[in-house]
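Copied from Swiss-Prot, the annotated features are:
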BINDING   GLY10, ALA11, GLY12, LYS13, GLY14, THR15, ARG128, THR137, PHE138, GLN196  ATP binding site
REGION    30-59  region 'NMP'
BINDING   THR31, ARG36, ASP57, LEU58, VAL59, GLY86, TYR87, PRO88, ARG89, GLN93, ARG157, ARG168  AMP binding site
REGION    127-160  region 'LID'
Amino acid sequence: MNLLIMGLPGAGKGTQAAKIVEKFNVAHISTGDMFRAAMANQTEMGILAKSYIDKGDLVPDEVTNGIVKERLVQDDIKEKGFLLDGYPRTIEQAHALDENLADLGIELQGVINIEIDPSKLVERLSGRIIHKETGETFHKVFNPPVGDYKEEDFYQREDDKPESVKRRLEVNIAQGQPIIDHYRAKGLVHDIEGDQDIDLVFQAIDTVLSKLQ
């Protein structure tokens, strides 16, 4: 099976990706792992990517797309198929992926889209607090500190504050929605309700993927 998984930050995409890989034995292609491997193996695109990263520059799309293409021709993909996680991030990358898959004779079979109301994600993502003395991490709702603590004993990182989280989600929605629309027009998108127990989310994914096998 050849799949994409999509979802906003905090939607549980990483957790579900791991479960899909374990159950369906597909190769997990995550952007970070792919870049690290390409640079470590000094592939043509890996060397190019490193030259940008070393200068502190953003890696251009054509290099990112090239790294993905290099990964897609490897033996484990031919044997098992893949789950792409964290790519494409823009509609331009989605078009490049379509072209690369067509060049390689690979068919994309499904896009798993984990959906959660963004306002609930703000609560999930902005609840993290850190104890000033110990550095221990808690969550205001899901893992509150127990014991003789005061509010002033904790601090919150700037990018965990609600306004920062909202801005981050807005950027992700603006970039991600055109990609989902693009694949929905091809009949590939399977929407999964993400605001439920982790096992129930996977149950829904499992039902979809079992039909695609």
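A Cβ is built for glycine as well, from the same backbone N, Cα and C atoms used for every other residue.
Swiss-Prot feature annotations superimposed on the structure.
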residue : record           : Cβ neighbours (10 Å)
GLY10   : ATP binding site : 20
GLY12   : ATP binding site : 20
GLY14   : ATP binding site : 15
ASP57   : AMP binding site : 9
VAL59   : AMP binding site : 17
TYR87   : AMP binding site : 20
ARG89   : AMP binding site : 16
ARG128  : ATP binding site : 19
PHE138  : ATP binding site : 17
ARG157  : AMP binding site : 10
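The secondary structure of VAL59 (AMP binding site), as reduced to three states from DSSP, is coil rather than helix or strand. Of all residue pairs in the AMP-binding list (THR31, ARG36, ASP57, LEU58, VAL59, GLY86, TYR87, PRO88, ARG89, GLN93, ARG157, ARG168), the one with the greatest Cα separation is 31 Å apart.
Its Cβ placed at the centre, THR31 (AMP binding site) has 16 other Cβ atoms within 10 Å. A distance of 30 Å separates the Cα atom of ARG128 (ATP binding site) from that of ASP57 (AMP binding site).
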